[in-house]
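Features of the protein shown, as given by TrEMBL:
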type: TRANSMEM; residues: 23-47; note: transmembrane segment
type: DOMAIN; residues: 41-287; note: domain 'G-protein coupled receptors family 1 profile'
type: TRANSMEM; residues: 59-78; note: transmembrane segment
type: TRANSMEM; residues: 98-120; note: transmembrane segment
type: TRANSMEM; residues: 141-164; note: transmembrane segment
type: TRANSMEM; residues: 205-225; note: transmembrane segment
type: TRANSMEM; residues: 237-258; note: transmembrane segment
type: TRANSMEM; residues: 270-289; note: transmembrane segment
């Protein structure tokens, strides 16, 4: 091509989750039910944290932001996927594809960094309790929040910038139910080896390092808690265990998808379904079900409105 940056492809055809109509209808029903039940739960968590004066600690501030990020993340893929289940022709414009990809990595990167911030919060609270109120003051919390949003933006804009430089002249069929880096890159009409390496470094290596760093930090915290005899020991263990569960749910699929060369595997679509639709909605609910203060606040909120 004479102009390497030109884009002749104006739309992509989505291959969908499966070609079986029966399986599509089953997944459609399950995802829709799950979506309609869990998504309002995420907004309930946000409302509860914002309305209850007793939930002003940094832990709950970050939990509310996690619920907001996950709810926003679920809007990127799930609604369109549900519509496509009922459509014979699954098409997304080039601009729509890039936009979906941008917000997927913007919010996903922000959430990964938020989990790092939450680990830092727990480390200070458990290992440096006398300095907690000084270190995790409201100004510091907002600064950390701004930093993670900025980090997610930088991570995502790098992905988009690399893809915008690629020429697309056909074919235009994506073997997935949404636009993501591995599938889009494979459709470029040029050698993408260097771009793939940059993508793996930007997404895969960052995901893996965050994952290992988080596990190491919680291992240190749990060792510190195990060696103490404080009354809040069981609560600290429960909180850290909850965080570790969410870390595996968040980073496990990401590591599977982004830390290897972009070669299609049979499990990719199933892992992507859980990564983009199921787990983001579950994360805040898992936190809430294991947090007595938030559960009690939700009950009070219901009792006030039902009274």
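A Cβ is built for glycine as well, from the same backbone N, Cα and C atoms used for every other residue.
Unlike curated entries, TrEMBL annotations are predicted automatically.
The transmembrane segment (270-289) is not in contact with the transmembrane segment (205-225), judged by fewer than 3 CB-CB distances under 8 Å for residue pairs 6 or more apart in sequence. Comparing 23-47, 141-164, 205-225, 237-258 for CB pairs under 8 angstroms to the transmembrane segment (59-78), the maximum falls on 23-47. Here the transmembrane segment (205-225) has long-range neighbours at 109, 112-113, 115-116, 119-120, 122-123, 126-127, 155, 233, 236-237, 240, 243-244, 247, 251, 254-255, 258-259, meaning same-chain residues at least 6 beyond its ends whose C-beta is under 8 angstroms from one of its own. Mean pLDDT, taken over the domain 'G-protein coupled receptors family 1 profile' (41-287), works out to 87 on the 0 to 100 scale.
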